[in-house]
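J.: Under the heading active site, proton acceptor, Swiss-Prot lists ASP349. Annotation source Swiss-Prot lists ATP binding site at GLY229, GLY230, ALA231, GLY232, SER233, TYR234, GLY235, GLU236, VAL237, LYS248, citing sequence analysis. The feature compositional bias 'Basic residues' is assigned by Swiss-Prot to 38-47. Summarising the annotation, Swiss-Prot assigns domain 'Protein kinase' to 223-594 and lists sequence analysis as the type of evidence. Among the features that Swiss-Prot reports, region 'Disordered' is placed at 1-105, 128-183.
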Amino acid sequence: MARSRRRSSVDEMDVGGSATSEYENCGGPSFSPLNLSRPKKSTRGRSLRSAQAWGGKQLHPERSTPLARNDCGPSSKPRRRHEVGRSNKGLGASLDRTDEDTSQCPRIRASAIRCGASTRKIVRITGECDAQQGDSRPGRSEMAGWHSPPKRRRTPSRHGNSDNERSHLPRLSSHGVVRVGGRPLTQTPLQKTIILQPKLVRKVFMPTFTVNPEMHYRRVALGEIPKFGGAGSYGEVQIFKQTGLAIKTASSRSCFEHELAVSLLTGECSLRAQASLGIGGIICLMAFSLPSKQMVFPAYDADLNAYGYRLSRSGPPSVLVTESIERAFIGLGRALVYLNTSCGLTHLDVKGGNIFVNHSHFVISDCVIGDLSLMTLNTNSMAMRAEFEIDTGEEEIKTLRLPRSASQMTFSFVIGHGLNQPISVIADFINNSGLAKSTGPIKHDVGLTIDLYALGQALLELLLVGCISPCLSVPILRTATYYYYSNKLSVDYALDLLAYRCSLYPALFPTTPLTTIYGIPWDQVEGVFESIAGAHHREAFRAHLERYRLTHRRLFASIRIPSAFTGVLELVSLLCHANEKARLSIPLLWTPRP
């Protein structure tokens, strides 16, 4: 059939272009908006009508049914012809009348219009999807008679790029890149060389630090089931044995922010003490999560209480064990001196449950002090109003401010349960004076004497439970009547505790040239009388003292300390010395042992 400047008798939809369709020029298959295939026999009539309406060629012209003349009448108005000058082998958007067939059926014409509209709609949707996927077909051009998909307004940038994008910057995905602070915790964090970086100092005592962004994580994804490690008033601890981590979850937001702030300061001090002075014994924060209120620390084999109970069941300790114990506590004493004097940090909660050890056959290889929930800033601190900028992986940087309570002494935290405090603090509690009435930051020398005395009490507890009591017929306890007072600190219990110390310590503390530099190491009865103000309190103390002389005199007189424990007990007597000057100097901590 001739195709010069006229259409065929069967109207075809025109896509425009050259003699071949643009999709025939592509390397891929020909384009079909409805994904039509070869018509089946059962749908021959419908396929024929669709081919006539969409302009497709008849596959079997001999099977086509001719239209009757009386079915369609001639059109009174000639249809407008699209002058596109392109081939009609593809899809089209208009129906044109020809001179061979001047009479067209209105039903076919209406069907063609509907099909053309459907075609334009489908192709427009397909084009938008291709544009979103970034699929650029070679040789593709705008098609005549189609409604092009809406385009965003483009203006050339100063780099000559019409996509309003900077060509010199890498193109990011629509989801963005997760920053370091927003990643989950999937493995053991690497050992940090720096935790805090000073940024600026706005005012005195108000420095601003930038926290290492690698320390923050979004959630825990370690891939193992944790074990319960313990719980307290400020949170609970879970142990991940495979990765060697201990994750503490705070019970409240205020407790978490306080402990996190002091843990950041303590961790930075720990790194500097180890690098410059070779002082260890301070637990170092490894990672934390603000949304989860969690802090990550290295896990240890046991705390000091569990270590002492296991040691008591293993028999008399060897010389290697006692030497490792002494060496570990000398390191802890140096760490507390460094924290109180150089860093301005007072722990206030030194006890066996907060000291963690790694050991092999009870020979301690590593020992640190942890649980910084009660730590306070003393008068030597220069960061009482410090701020910490934390990158959590979000758009805005979070700012953590050190709470004011972190630098304000609370006497209830200082006195605690009364088990590990020196006589000066207990006397202030009994008399309701001194530290009980003090406000503001605690003095650094007072904080140091409190921490060192508590460290000596923890060492004494370990020796009594794990070393001395197994060798005696009747075990000796460090505190005899604490549970009689329902685990609550009262004036009567404080007087009872002082009377028990005056009865027990003369039987334990050695009197050597090292321990008697500043006088007798244990508390004297006369000194306790002088420290107690009220006459009725003195009478109560005298009554408790007479009772212990009647009930515990023979037991304490039967104590025989093996010579292997003399060096460790010297350290105990210095840490728990009645004279505060002996605790502040601690010659054993800084003098190399022969």
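Each residue, glycine too, has its Cβ placed from N, Cα and C.
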J.: Can you name every residue in this chain, apart from GLY229, GLY230, ALA231, GLY232, SER233, TYR234, GLY235, GLU236, VAL237, LYS248, with its Cβ inside 8 Å of the center of the Cβ atoms of the recorded ATP site?
T.: THR249, SER251
J.: Among the binding-site residues listed here (ALA231, VAL237), identify the one with the smallest other-Cβ count within 10 Å.
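T.: Per-residue Cβ counts within 10 Å for the binding-site residues ALA231, VAL237 bottom out at ALA231.
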J.: If I take the alpha carbons of SER233 (ATP binding site) and ASP349 (active site, proton acceptor), what is the distance between them in whole Å?
T.: 13
J.: Three-state secondary structure of ASP349 (active site, proton acceptor) from DSSP?
T.: coil
J.: Cβ distance under 8 Å to GLY235 (ATP binding site), same chain, sequence separation 6 or more: which residues?
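T.: Looking at Cβ-Cβ distances below 8 Å from GLY235 (ATP binding site), excluding near sequence neighbours, one finds LYS248, THR249, ALA250, SER251, CYS255, PHE256, LYS293, SER373.
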J.: Can you tell which of GLY229, SER233, ASP349 has the least company, meaning the fewest other C-beta atoms within 10 angstroms of its C-beta, among these recorded positions?
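T.: Among the recorded positions GLY229, SER233, ASP349, the sparsest Cβ neighbourhood within 10 Å belongs to SER233.
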J.: On the three-state reduction of DSSP, what should I expect for SER233 (ATP binding site)?
T.: coil
J.: Write down the Cα-Cα distance for ASP349 (active site, proton acceptor) and GLY229 (ATP binding site), rounded and given in Å.
T.: 18
J.: Using only the Cα atoms of GLY229, GLY230, ALA231, GLY232, SER233, TYR234, GLY235, GLU236, VAL237, LYS248, which the record gives as binding ATP, return the largest interatomic distance in Å, rounded to a whole number.
T.: 14
J.: What Cα-Cα separation, expressed in whole Å, is found between ALA231 (ATP binding site) and the residue listed as 'active site, proton acceptor'?
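T.: That comes out at 15 Å between the alpha carbons.
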